[in-house]
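Record features, source Swiss-Prot:
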DOMAIN    9-277  domain 'tr-type G'
BINDING   18-25, 86-90, 140-143  GTP binding site
């Protein structure tokens, strides 16, 4: 095996998906702890004392002007190199969150045991399904009251349309939480709470029918055996191929806050999740073991500190090896660039990088020339697919405070749209400008950046748009007919693509029924 193939085989690149408050930040900290990437896991404080549920070193990053370690973290674990991509949680939920999922090979879904499957989780799972991403599931918060575990598995299957195969099964919960039983291994992992940075030694009881197991479960023993028989009769068994095909998810139980069960999940990622996969480009499929370098941009992070104008473009390496100072071809512009200052996100520091391999994520300094979806190679003209725009879910009409600045406004919005900060639509029948976003915070970010960078002040007005759909139709005559009939609701997006702005869900359903030859797409590739 070449050194490069060996490096690729070590890589595991995954993202965490969850609804806000399911415990994602705590899990991220505990995962870093496993990789010894942070010596002390800062406990997440209550909302009142600390609006941002982040550990202290992330806070330092904010003061330095760019919160970048919260996006990508690389750490070693069991002789593997783990790349963990965070998907923003609360108010900073945006299209970036969806796009991050195009750069990973697997995902960890975190569910709150008391709440089950929640709306944000459903939206993120829909995106994972576009690429049949393998999903590992962690049902969190067993140190509190949770819903019936069988009910939770049923809900995963019914709502997320994926088979659920329990790997561990909880013994009690809240004050009675005694640990988990490993179904295939026939052993109990005993729960001893370990908060903060304590790595408690794991105690294992072999064999469920042992005297020690009976003593540990006490009065609960018979009831647990009955429940287990029910589970084994009703639930799916783990099948690695179905997992890799995105059809089945292995389910683990634990409590991130109590530092219990997180290592089981990380072991599953190392043992079962795929190493970096081949990526499809328009021209051909690119294997990670290929010698020549290639990668694509899936996210651009603007700096929230106006003093620093640097923006970081996040690149997923698809093949070859990055070496400091190497020359790359920026395929869209046709220009060759020398990259001497790419960033890696090892543990808690932004570091200058010497080398990186397929599966790794690196950061390029971007002075406005790089767009989402751009491909970089060692000369070959490749364009990777599967980095889409997603239909926005929130819309606002933009109003200019100074009408003489409409040119700057258009220019600013065009730039911000290319960067993925927002989507912009120009209705065919009016001079309005409509912004689309996935999270409310995106509108605030756009307004503040227009003011800082383009000296344009704007305000927003509500508008009756329920969703946007990109229009495709191979029959020119039908398309013309449709365009004439639907002109009131048609717009061009920032890239000049025809878009239907549906005022209501019912309206969209009617239009789709009425125009079977017209395709109403909820995603559009970056070109």
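Using N, Cα and C of the backbone, Cβ positions are placed for all residues, glycine too.
Fair warning: this is a prediction, and the values are worked out from it, not measured in the lab.
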### Query
Taking every residue in the domain 'tr-type G' (9-277), what is their average pLDDT?
83
### Query
What does DSSP assign residue 18 (GTP binding site), in three states?
strand
### Query
So, in DSSP terms, is residue 142 (GTP binding site) helix, strand, or coil?
coil
